[in-house]
Ligand SMILES: Nc1ncnc2c1ncn2[C@@H]1O[C@H](COP(=O)(O)OP(=O)(O)OP(=O)(O)O)[C@@H](O)[C@H]1O
Ligand SMILES: [Zn+2]
């Protein structure tokens, strides 16, 4: 009887032994059902041995092995093992969370039967013109079958809703024969027409050649630093086109696919005869499973997905592309706190293939790697579209302006000019709601969340106060809860307030607000983007949702409000993020023939960040930041890890961290251990939070240290403390 070692979704970093009758080495990577305490769990076979360290007679048996789909490959298991080790997270949890939800369930994956239709001799001899011209579907189905000889059920149904019925009639007629096939699903084929391809400009051509060079089809990281509108997408498309034959696969990671629905259509249009699947959280369980399986079987050649797609098994992976590589959404902020971009680089290395990291504003980590020669830097320095130039960026000094509802006169005037010229304006502000808080001018009371260290945001239309961190909401009070003053005032501006103000200022203009509140309804976001493109909107008010990757040819003015808090923030990454965000949002203006203008309202127009921004000089700004980081001893010159703790009482969390710091001091590795401190957001959803930072100049030393520390910490984690390690943290 074999002993099977199984990884389970359990917060313990170990495997569990079971007896497995008939389970062999070939089953490594296969799902099994096993008893665990009084539960039954699905896990993955990691090893099959003949011995165990436990008393063999006490081992329980595997209840069921699911051979419904192929096992996870050794390549996948290696990548997941790497993540478990690097991020100090239990292997079983890492594996199980990388799988589509349906595969974690105890139910087997439904294996569908599907039909394949083949043309018969009789069918081949039918003359299409002998069919009545009214019989459109019949003609189309027969013609397609004659041209292709055989069609899958899925392909037939894309021809017309009644095509399958027609095909069955052909079978009865003897024109086609039907074969039943079992497979998990039929691959969907797209039915869009192939789009025209612009001629690459010189920069783009150089980039494509550098990426596709046959001699370089080994591991190399290419940092593609292309300004907004420089045609990075076109470079990706060509690079993929150059490798996507002989069954090879390409993986494209994007920050938030729902934010850029047109990207998927661009890819589909270009690769209309190639099976392309997307993988993101907007899909339902069945769709996600289906796409994942197509990728695993090698049928899907292009996989377009968000961070979770990095773990998809891909047997013929030949290139990875990470678009907007600087985007913080590649980092997961709970559970396994991995960075999909960093894991992608590791995966490319394990597979010995090239990886392209693209951005107009690369992360300082990647920029530094390019500077030190570890990554190859490719630059696209002009806008791709004819006549499109970068917009002019100027600051409006708000110390010298009287603001109306947060908006300055020069900005109002600029909007008015656009309205007169029938062009569009975008007002960018990263705060949804009407105002970030309400306050009492008499006693200085303000609306605060009881459960979090944050304010309650006013949502005026619904007369609600809402916490954007824990979701708590309550009715707007009619009077001040402390002094009874009925005259409460909104404090600061949110998108709703700016929308209202602009609608009052320009009663004839069509104002559209785009933020997470206004796009909650299904399809709302897509419809709104269409409205903007159809020029049914004059003024857009929106959050960062609007900043990324959109092409609005009529948009010529961008106004940015409320940017100052990031300039002097305690978070050392705040200015890097602000710069990236402003470059992105500025990048929406002037993408077609009409030049654009960007106006930024600030009290600090002389800040070096604006200096770099005005010149569109990411490189100079990045160098300034790197110098600062080096002096301060921050990443990318240091490697960091954060031990996070939360407890009902702050003291409990801090005590735990103090003990963990003691443990750390006794370990033999050169890391700096800082003092435990309350988190910047010290209270969240009723829990007090604190953390402890450790730093090292060497990634290797940090990794050896973390391994030991992670094993030691459970000894001091008593009572109601919840803790987790965050390796390479992005948020504090
Ligand atoms: N060689 C080319 N000739 C003409 N137009 C091009 C060329 N390459 C790309 N374009 C067009 O230029 C526009 C901008 O390209 P794209 O969206 O890829 O830019 P980007 O670098 O991804 O910018 P962003 O970072 O702002 O998303 C698109 O409309 C694209 O079709
Ligand atoms: Zn709250």
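A Cβ is built for glycine as well, from the same backbone N, Cα and C atoms used for every other residue.
Here is what TrEMBL says about this protein:
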BINDING   440, 443, 480, 483  Zn(2+) 1 binding site
BINDING   449, 452, 467, 470  Zn(2+) 2 binding site
DOMAIN    213-380  domain 'Helicase ATP-binding'
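Taking the features listed in TrEMBL, we show where each one sits on the structure.
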residue : record                : CB count, 10 Å
440     : Zn(2+) 1 binding site : 21
443     : Zn(2+) 1 binding site : 13
449     : Zn(2+) 2 binding site : 24
452     : Zn(2+) 2 binding site : 21
467     : Zn(2+) 2 binding site : 21
470     : Zn(2+) 2 binding site : 17
480     : Zn(2+) 1 binding site : 20
483     : Zn(2+) 1 binding site : 11
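Checked against ligand 2, the binding-site residues 440, 443, 449, 480, 483 give 449 as the ones with a Cβ under 6 Å from it, listed in sequence order. Here residue 449 (Zn(2+) 2 binding site) is positioned 19 angstrom away from residue 483 (Zn(2+) 1 binding site), judged by their C-alpha atoms.
Rounded to a whole number, the distance between the Cα atoms of residue 480 (Zn(2+) 1 binding site) and residue 449 (Zn(2+) 2 binding site) is 15 Å. For the pair formed by residue 470 (Zn(2+) 2 binding site) and residue 443 (Zn(2+) 1 binding site), distance between Cα atoms is given as 27 Å, rounded to the nearest Å.
Comparing residue 452 (Zn(2+) 2 binding site) with residue 440 (Zn(2+) 1 binding site), their Cα atoms are 20 Å apart once rounded. Distance between Cα atoms for residue 467 (Zn(2+) 2 binding site) and residue 480 (Zn(2+) 1 binding site): 18 Å, as a whole number. Compute the center of the Cβ atoms of 440, 443, 480, 483, which mark the site for Zn(2+) 1; besides them, the chain residues with Cβ within 8 Å of that center are 441, 442, 444, 445, 481, 482, 484, 485, 488. Residue 470 (Zn(2+) 2 binding site) falls within neither a helix nor a strand when secondary structure is assigned with DSSP, and so counts as coil.
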